[in-house]
Amino acid sequence: MYLYLKGGWIRDAQKLFDGIETMSLVTWNSMIAGHAQVMDLAGNDLSAYRSGYEALNIYLKLNRSGMKPDLFTFSSVLTVCSRLVALEQGEQIHAQTIKTGFLSDVVVGTALVNMYNKCGSIENASKAFVEMDTRTMISWTSMITGFSQQGWSQQALQLFEDMRLAGVRPNQITFVGVLSACSQAGMVNEALSYFKMMQKEYKIKPVMDHFACLIDMFVRLGQLNEAFDFIKKMDFEPSEFIWSLLIAGCRSHGNLELGFYAAEQLLELKPKDTETYVLLLNMYLSAGKWKDVSRVRKMMREEKLGKLQDWSWISIKDKVYSFKPNDKSHFHSGHIYKSLENLLHQAKSLGYVSLETLEVTDEDEEKTSSSTAYHSEKLAITFGLLSTPNTAPIRVTKSVFMCRDCHNFSKFISLLTAREIIIRDSKRLHKFVNGRCSCGDFGALL
Ligand SMILES: [Zn+2]
Ligand SMILES: [Zn+2]
């Protein structure tokens with residue numbers, strides 16, 4: 001079984017595992033870790049989700065067998081919960097760590113803080129963080145990143161100063177959290193001084209993520225030339241994501257000239273990501289540049305890139321429900337569509353205007369624009385609203401980044417229903433509360 005797990009043959013390993021009569025904790029743990037690893041390798045798609053739930057299932061079986069989990073079990077299942085945005089399961093595991101006395105373990109404590117942060121439950125994360133006896137650099141970093149992702153910039157920066165006072169040395173990832181906190185709050189001077197501190201005081205060389213934070217900040221503030229200057233200053237090739245940020249910024253601030261220039265630079269890299277092409281297609285399409293639209297489409301065919309694999313998942317109790325755009329395959333589809341129509345209608349009366357986005361098809365079809373009304377996250381949110389108690393937050397995971405329309409719609413829905421809506425897409429965490437999103441509205445690139 002270990003051999004199969006090592007080689008990544010999870011099914012064969014599972015078969016042997018199912019046949020073993022008396023199992024040691026090590027065997028249980030390696031099977032859980034095996035599924036968790038498959039989930040990591042699968043990236044952000046449906047199979048990742050399934051492997052994650054398989055890991056949680058084995059954990060449930062372990063509990064039923066009467067055996068006591070240890071710190072390896074806890075840290076693996078908590079990591080799985082963070083990836084799945086499975087807060088309910090995470091809370092149950094939290095309760096168990098208290099019962100079994102593992103809560104005081106630093107590895108388990110850190111995994112808990114991380115899980116709550118990734119699930120968008122900042123209050124619980126910060127409570128778990130405060131309760132830790134000893135804090136490592138990783139737990140500090142996780143909490144700083146958590147605050148910053150939720151748009152709590154002041155708290156993130158305060159915690160960073162506390163961390164320095166406590167004599168803990170920050171690393172590369174800590175600074176990503178710090179810079180992104182400054183970026184979200186538009187604190188240019190602070191961002192630049194932390195950027196300097198990182199290099200001078202801590203001798204940390206800036207990587208792509210640090211530049212992305214700074215460029216994101218300038219773009220949010222509409223300082224596109226400053227953003228572009230920073231890109232030119234980087235001593236390595238800017239990534240697809242960096243160009244995408246600049247292009248999205250040019251689009252929303254109406255500087256198309258720079259946008260087109262950035263697009264040319266980006267196309268020279270021969271991007272590998274379908275999302276990048278969709279962004280470009282949207283830009284050319286809204287500017288009416290048909291020649292460029294067909295040029296980009298041709299490149300996509302040459303790079304053999306298909307449609308966007310748009311999926312959204314929501315877990316309710318112990319089950320996962322997945323949605324594709326325009327999905328009608330659910331048992332309750334009729335009901336879901338009816339209430340979605342209703343929500344769209346109510347949102348419109350509050351001022352919501354739906355936006356069209358582009359759907360990329362493999363063929364040379366003329367149809368370039370399609371309705372965004374039934375995008376996967378809209379269906380998942382609606383299903384979540386129907387299937388959970390009135391005050392429960394809605395947590396959705398999405399395989400690609402959100403489009404502007406769904407982003408806008410989610411803001412209205414959080415206002416209409418007075419529910420928290422948390423969506424983790426392929427690039428960011430969005431937490432919608434009372435009509436506002438934690439990403440400061442700059443997370444929806446399409
Ligand atoms: Zn959408
Ligand atoms: Zn957002």
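Positions of Cβ are set from backbone N, Cα and C atoms, glycine also.
Owing to the predicted nature of the structure, the values given are computational and were not obtained by experimental measurement.
As annotated by TrEMBL, domain 'DYW' applies to 360-442. Feature annotation from TrEMBL assigns repeat 'PPR' to 136-170, 171-201, 273-307.
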On average, residues of the domain 'DYW' (360-442) score a pLDDT of 84
Spatial neighbours of the repeat 'PPR' (171-201) not adjacent in sequence (6+ beyond its ends, CB under 8 Å) are 137, 140-141, 144-145, 147-149, 151-154, 156-157, 160, 163, 207, 209-210, 213-214, 216-218, 220-221, 438-440
What DSSP reports for the repeat 'PPR' (136-170) is 26 helix, 0 strand, 9 coil
